[in-house]
Every structure is written in structure tokens, then in C-alpha cells.
Amino acid sequence: MKWSEISIHTTEEAVEAVSHILHEAGASGVAIEDPAELTKEREQQYGEIYALNPDEYPAEGVLIKAYFPQTDSLHETIAGVKSSIDVLPSYDIEIGTGNITVNEVNEEDWATAWKKYYHPVQISDTFTIVPTWEEYTPSSPEEKIIELDPGMAFGTGTHPTTTMCIRALEKTVQPGNTIIDVGTGSGVLSIAAAKLGASSVQAYDLDPVAVESAEMNVRLNKTDDIVSVGQNSLLEGIEGPVDLIVANLLAEIILLFPEDAARVVKSGGLFITSGIIAAKEKVISEALEKAGFTIEEVLRMEDWVAIIARNA
């Protein structure tokens, strides 16, 4: 089978939104070439367990590559993707050039090329994220491994927002806690919470592909006795109370449910949010405070923030 590689040149701010647009358009896989990976702070702190080739990354901006089977409707699909991306500035998301290029790739190249972007990464004092196809031996008994197979559909679990969420969970999760993960994606945050001692984790995503991916990764990490995965829109119809909610979503989506989060998380419980570009920190903090939360801590990495807030 022939595949088309759709490359979109954009900004780091727009990565999650553009990736979501591509998934919704039916991409069978997405790879992200971000030059920030070459100089990330965590390389000094923890050390990525591989060497990156600068020649494979754009000089500026971010290149997002998505893979679609070649069909008669591909041109319409690309036009729809472009239209959706062009709308993002109306949500204050800078898209950069937004240039789109198309290349043909063979199935055998498509099936393996994306794996070069994904290697074991130690993202905190506790966790190392390891792809299923690589062998890795923990450096200490305390080191916890999260195995992920993104299935060509979701990220590697090493984006700054995911890293900060996991570090926030390390700071806050207590043995026996009950947790909800909103917009679970690959399920990485739910798996981390389970490995930190949570007794029950409910993981939700609106995207059925995400639900399938999360279920697979939860089983892979042998946390399916703790983590349940389901399809749901944010916190609609979800009852509490739970000890903690974690949501790694775009700021614009987080703004849709602070009141629901305050309803579902118990009094004194925590709401961890990320996916927030630094410029949106103030508006998110104000929305959380309006819903009754107190901001306890803000984590920062590159141009992103994560917020730990406590319910009244």
C-alpha cells in the first residue's frame, strides 16, 4: 500500500492542536520534529538515553508529519486539515507559516520511520518512559518504568506538558487516592498515577482511538486492575467525589470545565492542569480561582506551565 506523508510547519504552541486536527482527519500516525528536543532542560537534569541528530529537525518552528493512506479523497482531507488549522489563530494559537507539503512513502518505510523519534527517556526522579520495542534495564530499584506503544496515534509521553503533569502527580498522589484523568490520550498519566499508589483511576477521552490506545497501554503496564478507561466528553455526567483530577489539555478546553472539576473533586482535593502555553497562565488561573480553587503551585518548562490547584 502507498501512503502519503503530510508535513505541516507550525509552532510549538500549535503542536497539540494541529496533532488533534490530524488525528480527527484520520491520520494513521503522527510524528513531531521539534528542535527544542535537542536542548531540553531535562537532558541536563535527567538525561535522555539516546543521541538526537540535529539534521533531522527543522531550523525553526516545529514540523508535524502525519501519515494517510493514498485515496481518491486525500486532496479533500488535506483541504479540510488546512481549513481547521487556519481557524486556530481565532483561538489565539499562533500557527507560524502553516505550510503543508505532501510526500509519498512505502508501507514498510511508514511502519518503521516514525520509531526513530521515540526512545527511552527518564523524565523525572521516578519515571522512565520506554517504547515497547526497546530493551531497557532500570538503573535502580526505585526507578519506575512506563512502557508505551503509541500505535502511531499519540505522542511519546515526553512533551513538556506531560512531563510536568507526571512530576505534579509525584508531588501529590497519596497511596489509596481516587483519581480521574480527563483527556487521557495514550493513558500515560493514568498509568503513572497507578504506579504511584492510587487505588482507582478513571481515564476518559472523547476520541475512540485514544480509548483503544489507552486500554492497550494500561494492559501493557499491568495497571488494568486499577485503571478503567472509557469514552466521555470531559466531566459530563461524571460523579464524584475523587481525591484528584488531572487534565493535560489545551487551555481553551480546560476553560470549559473548572466548575465541573470543582463539583467532582472533593473538598480539599486537587486539580492538576497542563497543556497551557505560558501566555494563557493568567486566564486559566483566574478561571480556576473563580470556580473555587486555590492555586498551590505552578510548574514551568520551556514555554509551558502546569498548575496544581486545591478545591475549597
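Note: Cβ is positioned from N, Cα and C throughout, glycine not excepted.
For the S-adenosyl-L-methionine site, Swiss-Prot records Thr162, Gly183, Asn248, and the single candidate of Asp149, Asp205, Asp260 listed with them is Asp205. DSSP assigns Gly183 (S-adenosyl-L-methionine binding site) to coil in the three-state reduction, outside any helix or strand. Taking the mean position of the Cβ atoms of Thr162, Gly183, Asp205, Asn248 as the S-adenosyl-L-methionine site, the remaining residues of that chain whose Cβ falls within 8 Å of it are Cys165, Asp181, Val182, Thr184, Gly185, Ser186, Val188, Leu189, Ala247, Leu249, Gly275.
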